[in-house]
Structures are given as C-alpha cells and as structure tokens.
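Notes follow once the structure below has been shown.
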Amino acid sequence: MSAREEFWSIYREALPILLVALGGGLFAGIVLEGMVGSVERFPGLFVMIPVFLATRGNVYGALGGRISSGLHQGLIEPTFERDERLVNAVAASFINGIGISVVIGVLTWLALLILGWEVAALYELVAIMLIAGVLTSVVLIFGLLALIFAGFESGYDPDNLVGPIVTTLGDIFGMLFMLFAIGLVEVLA
Amino acid sequence: MDSPRGSLGSWELRSIVGNMFPLLVVLCVIVLWAGITLEDAQEMLEQYGILALMVPTMVDMGGNLGAILSSRLSTRLHLGTTDFDPRDRELWANVGAILALAATIFTALAFGAYLLGGLVGSALPLTTLLTIALVSGLSVAVIAVVFSFATTYASYRLGVDPDDTTIPIVTNVVDVFGMVIFIGVSALVLGF
C-alpha cells in the first residue's frame with residue numbers, strides 16, 4: 001500500500017468512530033456544565049470527574065478486550081450464558097469497577113487534604129463515587145457485552161468496536177449517574 | 001460449563017482482579033493531576049460554562065488518538081516490522097493520519113460547542129473556540145504521537161505485551177496532558 005493510500009485508509013476507518021465519541025463527549029459536557037454549581041456544595045467533585053471517566057475506560061476497555069479475544073479464540077460463546085469464564089470476567093469487572101470508584105473518593109479526599117484545599121466530607125465523596133460506580137458498572141458491562149455479541153454475530157471485528165463503545169457509553173452514563181449520585185447524596189446527607 | 005478450575009488460567013477471578021487492580025490504582029493517581037487542574041479552574045468554568053462542554057472530549061480524545069496509533073504500531077511489531085526508520089513513508093502516513101484526524105475532530109468540537117453554547121446560556125466567538133480547541137487539540141495529538149512511539153518501542157524492547165500495560169498508561173498520561181493543556185490554553189486565550 002502506498003503512503004497516501006495508507007493515510008486515507010486510517011483516516012476513513014477512524015473518523016466515524018471518533019465522531020460518535022465526539023457526540024458522546026459533547027453530551028457529557030452538557031451534563032458536566034450542569035454540575036458546575038454543585039462544586040461549591042461538594043468541593044473535590046471536579047477532581048473526581050476526569051479520574052472517574054478515565055477509570056471507566058480502563059476497567060471496561062480491559063473487559064471488552066478480554067471478551068473480544070475470548071470470542072476470537074473460541075473460548076467463550078457470544079451469548080449470555082452461565083459460562084465460568086464469562087461469569088469470572090464479568091464478576092472481576094464489577095469488583096474492579098466498584099472497588100476503584102471507592103479508591104477515587106478516598107484518593108481525592110487525601111490529595112485535597114495534603115494540598116490544604118477545601119474538601120467535602122470523606123463519606124460524601126465516597127458515597128457519590130459508590131452510587132455512580134455501581135450504576136455505571138451495571139449499564140456498561142451489560143451494554144458492552146450486548147453490543148460486542150451483536151457485533152460479533154453480524155461479522156464485525158470486536159477489536160475495532162471496543163474502544164469507541166467504551167469511551168462513548170462511559171462518558172454518557174458516567175456523567176448521568178454522577179449527576180444522579182450528587183442529587184441523591186445532597187438529599188440524604 | 002464445568003471446566004476444571006486449573007484450566008481457567010488467565011480467566012480466573014482472582015488473577016483478573018489481582019493483575020488489574022494495582023494498575024488501576026496507579027492510573028488513578030496519574031489522572032488525579034487532571035482532576036486537580038479541573039478543580040483549580042472552577043472559577044473560569046463558572047464564568048465560561050461553554051468550556052465545560054469541551055472538557056470530556058478534551059480529556060478523552062488525545063487518549064483515543066494515542067490508542068489508535070499505539071495499537072497500529074504494536075501490530076506492526078507483532079508482525080515483525082521491528083524498525084522505526086524515520087525514512088519509512090508508511091510510518092509518516094500513520095502520524096499524518098493521526099494529526100489530520102485531530103484537526104478534523106477538534107474543529108468539529110469547536111463548532112459543536114459553539115452550537116450548543118446557547119443551550120447552556122454561555123457564548124464565546126467561534127474564532128476563540130476554534131483557537132482554544134485547535135491549539136490544545138493539536139498539541140495533545142503531537143504528545144499522543146510521541147508517547148505512542150516511545151512506549152510501544154520501550155515495551156517491545158522490554159518484552160512486555162503493549163496491549164496489557166503500555167496502551168492504558170499512554171491513554172491515561174495523554175488524558176492528563178489533554179486536561180492541563182486545555183485549561184492552560186483557555187486561561188491564556190481568555191486572559192483569565
């Protein structure tokens with residue numbers, strides 16, 4: 001392939017996926033803009049947002065990568081069944097996704113304490129992360145599996161689907177569930 | 001399915017969590033810097049809500065571009081094309097495509113934020129948005145390219161599978177740069 005053809009083939013292949021991710025990112029931005037006022041109630045909230053969004057990609061990107069190589073290797077079937085490998089992969093993602101959400105709350109609290117900045121109560125930050133983490137895990141894990149399975153059955157290479165699906169779903173649902181969690185903790189705390 | 005436990009290997013629950021969780025904590029600590037930058041910019045975001053619209057994309061997109069390039073480079077290494085020869089035109093085609101994608105996406109981001117600005121009741125001139133999005137976006141794209149080459153080559157040299165560790169690290173480090181550069185460029189352009 002000539003360099004020019006290579007250039008256009010990469011560009012054409014990646015552009016639609018990145019445009020979908022851009023749409024998800026702008027939607028998440030609208031939700032984020034709505035949260036600007038809540039930062040004064042919960043100082044430290046904005047520290048958690050990029051970390052929370054990045055973590056969604058790390059946990060569920062890894063799950064997606066594992067599932068798509070499992071499908072390629074014929075280790076798992078593209079259906080929701082009680083297969084031990086599939087169950088383990090899903091359970092591990094729940095543990096990782098929810099566990100790391102709690103870690104984010106604690107780390108944020110510690111970092112702001114060390115910096116000497118104003119910070120919300122530890123239990124408030126952890127509660128927001130825990131609620132948002134649990135809800136996002138459920139939607140992302142089952143949404144991701146359903147989309148990968150459907151894609152695999154209709155002949156798409158799951159490797160090309162995982163990254164953009166995770167980024168887009170993670171941005172949209174991550175921010176929506178964080179907004180919900182902030183509202184809930186505001187009422188309860 | 002009743003496969004014996006021993007044959008599960010890397011699909012064992014303990015091994016997935018045990019391998020992954022420490023890496024996740026390290027990545028969290030890295031991205032915490034991006035969060036602290038965002039918290040620090042709170043006043044600017046309160047005044048210019050339209051900037052908040054661009055934040056998630058600025059955080060993700062550099063990482064996305066880095067991930068595309070890293071996985072292409074690691075595939076080349078797996079296939080045995082082991083040299084990064086600066087005279088290799090195909091390599092430059094990869095780099096050029098990443099930069100062209102960045103220019104397209106960050107232009108679209110500025111237009112998207114401009115159109116949605118009314119929705120959140122905050123506006124900035126299109127030229128200002130284009131300046132902020134393209135200057136920070138292309139800087140991040142260049143950083144993504146440099147990091148992708150460096151880490152793919154390093155992980156090849158060290159014999160680590162790039163898919164497992166280096167790609168997540170590149171993605172997260174580039175995300176941090178995305179946030180820091182975006183907030184810095186915005187503050188500079190808006191005189192904040």
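Using the three backbone atoms N, Cα and C, a Cβ is placed for every residue, glycine included.
Heads up, TrEMBL stuff is auto-annotated, nobody curated it.
Over in TrEMBL, the protein carries these features:
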TRANSMEM  A:14-32  transmembrane segment
TRANSMEM  A:44-65  transmembrane segment
DOMAIN    A:49-180  domain 'SLC41A/MgtE integral membrane'
TRANSMEM  A:86-115  transmembrane segment
TRANSMEM  A:121-149  transmembrane segment
TRANSMEM  A:161-185  transmembrane segment
The transmembrane segment (A:14-32) touching the transmembrane segment (A:161-185) per 3+ Cβ pairs under 8 Å rule: yes
Going by DSSP assignments with H, G and I as helix and E and B as strand, what are the residue counts for the domain 'SLC41A/MgtE integral membrane' (A:49-180)? 111 helix, 0 strand, 21 coil
